[in-house]
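Everything below concerns the one structure shown next.
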Amino acid sequence: MKHTDIEVTLTHAEEHGLSAEEFSQICTILGRTPTITELGIFSVMWSEHCSYKNSIAVLKTLPREGGALLTSAGEENAGLVDIGDNLAVAFKIESHNHPSAVEPYQGAATGVGGIHRDIFTMGARPVASLNSLRFGSPKDPRVRYLVDGVVRGIGDYGNSFGVPTVAGDIYFEEGYTGNPLVNAMSVGIVEHHKTVSATAYGTGNPVLIVGSSTGRDGIHGATFASEDLSEASEEKRPSVQVGDPFAEKLLLEATLEAIETGYVVGLQDMGAAGITSSTSEMSARGIEKYGVGGIEIDLDLVPIREAGMSAYEIMLSESQERMLIVAAKGFEDKIIEVYQKWDVQAVVIGEVTDDNHVRVKHQGQVVANIPAISLVLGGGAPVYKREAKEKKPETPLANMVADSTLNFNELGLALLSRPNIASKQWVYRQYDSMVQTNTLTPTGQTDAAVIRIKGTNKGVAMKTDCNARYVYLNPLAGGKIAVAECARNIACTGARPLAITNCLNFGNPLKPEVYFQFKESVRGMGEACRTFNTPVTGGNVSFYNETFIAGQRTAIYPTPMIGMIGLLDNIENLVGSTFTASGDRILLLGNPQLTLDGSEYLVMQYGTPGQDAPAVDLEHEAQLQRLLVALAEQKLLHSAHDVSDGGLLVALAEKAMMNQEMPLSFRVHLSNNDKSETAIQQQLFSEAQGRVVLSAAPEAVAAIMALANDYNLPIQDIGEVVNQQTISLSINEQEVVNLPLSNVAHAYYHALEHALHLDEL
């Protein structure tokens, strides 16, 4: 029996991840039983990865307008934010978790390629890449294999494509052992009048496929990303796409030149679900905007690289480096000429129609004829409101010992050696961060990466962040903190936070406790974004990040990853994070209630994350951001670095070490009225929010303190930057830390390589 002759039944639908109710709904929409090609189309378009059917009801609660947004969330391939001078920033973050779990190198590489295509299909040139990675314990040999593959995949693709990888973060937690997270973010710059919409309109306008030929790689990749991982997932390596960064580089240049012709009407990347998603979504946008639309294509015209491909396979292929273009009728040859110049395929495969359907022909037959709106989010795709029920983590209480029994020198070195704290230089040295010559500082020298915008004095700051341990302990607070820390990092550079994108990584949404984590963390994100006036431009939801290995269920920590951009009006105001001058005063901004809950120290020393996330005061955070920007504009600061993972001692040590060309030490004197037996542990290692360590010339201190007072923010002078070989920290005039800077640096810079057993890779 031919593929096209299959008589579709409920069994086929269930094998495609569709429920009986959804199959019935499809039959009602079509007025008949779907063909196998139509079933494949519905299965990917109604998958969680494409339809957000389990998440959209919650996502709609996020602030999606305001600020400098030029597009609403979900309206286009990526968010678009006005930065003045007729320029806009396009940016987006997405996940490639499941592919990276079974094929780490290609999974990560194609994640990078896909997110860059989302940016340049809007007419923007990608100028920076970021990534956020989560792995299991580095003690596990398979985790080390995954780390190696993912890092090489990101580096090889990004370096070859010619876009700098400027920032990111990596955490190691047991819960990610079988299900790593690979979240990639791209940032691009575009002139307002050169932006392109992912919309099909204009009856009779030709539809072109451009880029690589279509193969069988990645078929059902979207569905694969919408189910739990298991041992059987290893068999789904064909669902992992294969990338070619050199082909994508040619595609980028050809596409930007084609846009310059003025004949590109609409443009969309072929990412998840390939030709299916691009034809469906572009048609639906055209109908929504203009009241009429649709696309008809002939698959016999699609360049394929494997013989005998069925319509089902061609429609669902996720072969990389492909895009769909709607051209102005009569000018398609002009566009084809541009692509031929760059040695990139460009072929007319159909046209825009006026019957509001996606119609697919193959070998002289219509194999799919579906109302476009029925396929997409906000149209006919199902929307579910799942049960949410809180299930507090059963974490043990920390059986803390008295400060008097502890050696804080040893504890400080041990904490700096933790994989979650230690330098990630082994990772970022594999990435080219300086290509395009716009990156203003080396990796790690600022709290957020900053890219210069050529032709202006402006810079764009960017950061990704999420401490999933906080979200696990308290989803509402954790969601707030993820946004707050991104904004704090951006403000530390002197930039003003503008907007966010998000990548929401969670377990199975059908489990009430998981859906509770999802809803509450999104609520926290929304509250923070409203307070900071940083609207949400869009993003990605990745559910089903749970694995079953040898019958044992393993769920990831809930990880709502935030990607944020900010604007630095004058790059001369850029503030670094490291000590720069001996004799500078060290100031501590912010004075919250100290707690060890959620801290890396508590996990290291007492084997528990505690009972709650640190508290966060959003109004305090907003004032902190405004103050940091004001201090930068008045050029009062030499450095600013927030207190986060590891607490105050780690923040001070990082400020001392991160400028490897000229490391400087510190003499810090703290006071503490807390008489408890664990007060020193709290003061050194608490990850309490809303704090920043500043350094400034002595003559600037009075002005800084006066400005902090104007913003009603507590600030204290805690010490001095010194050009010596040891760091020293005293509490109530008793020295509790005294370490050679060389020992501190060795612990910090070599621990990750040791933990990953790099000599064995």
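Residue numbers in this text run from 1 along the chain shown.
Including glycine, each Cβ sits where the backbone N, Cα and C put it.
Take the ATP site that Swiss-Prot assigns to TYR52, LYS92, ASN502: the candidate from GLY136, GLY459, GLY539 listed for it is GLY539.
GLN241 is the residue from GLN25, GLN241, GLN611 that Swiss-Prot records in the substrate site together with SER95, HIS96, ASN97, HIS98, ARG117, GLU318, SER319, GLN320, SER542.
The binding-site residues listed here (TYR52, ARG117, ASP269, GLN320, GLY539) include GLY539 as those with a Cα within 10 A of the Cα of GLU94 (Mg(2+) 1 binding site).
Put simply, of the recorded positions HIS96, ASP118, GLU318, ASN540, the one whose Cα is nearest the Cα of TYR52 (ATP binding site) is ASN540. For the substrate site listed in the record, the two most distant Cα atoms among SER95, HIS96, ASN97, HIS98, ARG117, GLN241, GLU318, SER319, GLN320, SER542 lie 21 Å apart. Of the binding-site residues SER95, ASN97, ASN502, ASN540, ASN502 has the largest number of other Cβ atoms within 10 Å of its own Cβ. The separation of GLN320 (substrate binding site) from ASN540 (Mg(2+) 1 binding site), Cα to Cα, is 19 Å. HIS49 (active site) and ARG117 (substrate binding site) are 18 Å apart (CA-CA, integer value). Ranked by how many other Cβ atoms sit within 10 Å of their Cβ, the binding-site residues ASP118, ASP269, GLU318 place ASP118 at the bottom. It is HIS96 that, of the recorded positions HIS49, LYS92, HIS96, ARG117, has its Cβ surrounded by the most other Cβ atoms within 10 Å. When other Cβ atoms within 10 Å of the Cβ of TYR52 (ATP binding site) are tallied across all protein chains shown, the result is 22. Under the DSSP three-state reduction, GLN320 (substrate binding site) is assigned to coil, being neither helix nor strand.
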